[in-house]
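Per TrEMBL, these features apply:
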COMPBIAS  1-33  compositional bias 'Basic and acidic residues'
REGION    1-34  region 'Disordered'
TRANSMEM  53-74  transmembrane segment
TRANSMEM  162-179  transmembrane segment
TRANSMEM  185-203  transmembrane segment
TRANSMEM  270-286  transmembrane segment
TRANSMEM  317-338  transmembrane segment
TRANSMEM  350-371  transmembrane segment
TRANSMEM  423-442  transmembrane segment
TRANSMEM  467-484  transmembrane segment
TRANSMEM  490-512  transmembrane segment
TRANSMEM  524-543  transmembrane segment
Amino acid sequence: ELEEEARPPVELRQRKKPKSSENKESAKEEKISDIPAPERVPKHVLFQRFAKIFIGCLAAVTSGMMYALYLSAYHERKFWFSNRQELEREITFQGDSAIYYSYYKDMLKAPSFERGVYELTHNNKTVSLKTINAVQQMSLYPELIASVLYQATGSNEIIEPVYFYIGIVFGLQGIYVTALFVTSWLMSGTWLAGMLTVAWFIINRVDTTRIEYSIPLRENWALPYFACQIAALTGYLKSNLNTYGERFCYLLMSASTYTFMMMWEYSHYLLFLQAISLFLLDIFSLKQNDKVYEVYKIYIFSLFLGYLLQFENPALLVSPLLSLVAALMLAKCLQLNVKKGSFVAKIIKVINFYLVCTLTITLNIIMKMFVPHKENGHMLKFLEVKFGLNMTKNFTMNWLLCQESLQAPSQDFFLRLTQSSLLPFYILVLIICFLSVLQVIFRRINGKSLKETVTLEDGRIGERPEIIYHVIHTILLGSLAMVIEGLKYIWIPYVCMLAAFGVCSPELWMTLFKWLRLRTVHPILLALILSMAVPTIIGLSLWKEFFPRLMTELMELQEFYDPDTTDTWVKTEKERQAPVAAVFAGSPQLMGTIKLCTGWMVTSLPLYNDDDLLKRNENIYQIYSKRSAEDIYKILTSYKANYLIVEDAICNEVGTMRGCRVKDLLDIANGHMVCEEGDKLTYSKYGRFCHEVKINYSPYVNYFTRVYWNRSYFVYKINTVISFQS
């Protein structure tokens, strides 16, 4: 009997031996049997969820479409676009916008797509004495895609090229608004937040977008994809996301990250800030490492694929984004497996932070040593001067510092945001979320574990990973926007989104009530009421105050009126069969329009990412300095220029900012004006060239012959044979 009783355990041990796969399957079966079967969700609840999602999606798409139609209608009214001739339409594209659109026109004129791409990558018909890869240098992928779509869809038989081009950009702005809507909806749980986001975005459009003034700008093509990436990342970081939703967010994030990187040359700097935000999110163990490192893999994939398809662009290899992500990957490999929450784990976190920072700087220095690059060297010099680390008399640096978009924000900027109620609510939401995040971090430092699922009653909005990410990211972007106003076009859209999410989120109000220890009224009920009442009141007040203004703008029929540019000698001379090989010299902003409207070569371009072009710009600007006719002649002929255009607006400029007129900056660079105490002043025996050349006396008439003038422009032919007159 004892033997019989002893047999069963032996037989059980033998059953456990066979294959490990069988053991795993049996273990899974045991686990599955332990988990209680989920209760079926009632049909009326499913219907409510479906109705909520359907209405939200419909509202998001409708908002995007309405915004795109609004932009189209406003553009038509502002320029009376459909009633203008082709030349007048093209003149509405100013500066670098004109350059981008001119290449779109060139692609449509090319006999084939391959030939068009070859001519752009080996372009010697834009800048005199210079062959450039325009696709790489100017990020012309939007123009390539637009030209392919225009011809492949047969749109050339239906719509004019200019309408197709601006229509795509307006459509992308609609996607931009939809992505912001979805992001706010994902964070708050109500599509009411998305509606408020869109309302704030449109009302504050002076500070949210430059689409009204410069349609083809790279940021107008790129930022909609960045907004899609932000929306996908927000969904991906959510704790309660199912497998299919996670997979969809990952794929959307991958596609939008890569597309964003291809559309804009400065995109990797924005992604670098995003990577820093995710790194700080990971440092405090506020999110599973796996998801954050999956995003890092997307960065690496996008960088290397972009490097290959952007003609081996060295800027991507020496970018701080690649150095940071590589350092994070290396640090992960070196991390020790220690128990989370222990004292050793906290020490490892500090070491890890120091290691990542050190590795990032080291790797970036090493990459710059071995990878030949000329990428944005002037940007570092600019930042040094901007923050007072260096002083310079260099014309280009001082000219960049004087640009309005590179100044600190003005008081009008904060006043506009306050009048639309955006800034007060943003500050309120940011303070509550930031303090809640700090509370979570201190809990984590003290060894308290975070709850897997945070309920509304807990009032801990700072425990949600996507909220933490957005708080860190908006603080980083806001800090930069406080230094450089041009970055407000990246920051303010997310201010709209974050403020709208906060006022519509019951969780945020519940977090505030937990701190206040509210007991007179049931806090959950009050939070739900406020999350509906506050956005409704804001929406009604915005509708009452700003909707009539928007309607007035659409009803007013404006007209683009610039007769001096439209009737310039360029148009007249074109009718007279001017030389095909003519080369024009003048201010870079005007040269963009000349290139677009005539197709002739120019001496410089309004681009600031190439040292040679920046030097050309400075040399050509000497026509507004106190230099001799011979000096100016030598400069212009060194670039093979045939015609010179002098602008009265620059020559007789009355600047509002002290020392920021072009002629003042030239005088400082040439030593003809005292900039600081102790400077040596060199008196020039020559008058200002742009004034003297108009008088038509020797020696100016020996070098330059005036062929056309009006109230704004004086056009001179540069003599090939100098005839000295007394």
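Cβ atoms here come from the backbone N, Cα and C positions, even for glycine.
Remember, TrEMBL labels are computer predictions, not curated facts.
Predicted, not measured: the structure shown is a model, and the values here were computed from it.
For the transmembrane segment (467-484), the list of distant contacts is 187, 233-234, 237, 273-274, 276-278, 280-281, 286-287, 386, 405-409, 430, 433-434, 436-437, 440, 461, 490-492, 494-495, 498: same-chain residues at least six beyond its ends, Cβ to Cβ under 8 Å. Between the transmembrane segment (490-512) and the transmembrane segment (317-338), fewer than three CB pairs separated by 6 or more residues in sequence fall under 8 Å, so the two stretches do not touch. Listed by sequence, the residues of this chain that lie at least six past the ends of the transmembrane segment (317-338) yet keep a Cβ under 8 A from its Cβ atoms are 268-269, 271-272, 275-276, 279, 289, 293, 296, 299-300, 303, 307, 344-345, 348, 352, 355-357, 359-361, 363-364, 367-368, 371, 373, 375.
With a threshold of 8 Å between CB atoms, the same-chain residues lying at least 6 positions outside the transmembrane segment (162-179) that come near it are 60-61, 63-65, 67-68, 71-72, 75, 86, 89-90, 101, 104, 146, 149-150, 155, 198, 201-202, 209, 211, 215-216, 220-221, 223-224, 227-228, 230-231, 493.
The transmembrane segment (185-203) makes contact with the transmembrane segment (524-543): 3 or more of their CB pairs lie within 8 A, with pairs spaced 6 or more apart in sequence. The list of residues near the transmembrane segment (524-543) in space but at least 6 beyond its ends in sequence, with Cβ under 8 angstroms from a Cβ of it, reads 188, 190, 192-193, 195-196, 199-200, 203, 420-421, 425, 456-457, 500, 503-510, 513, 518.
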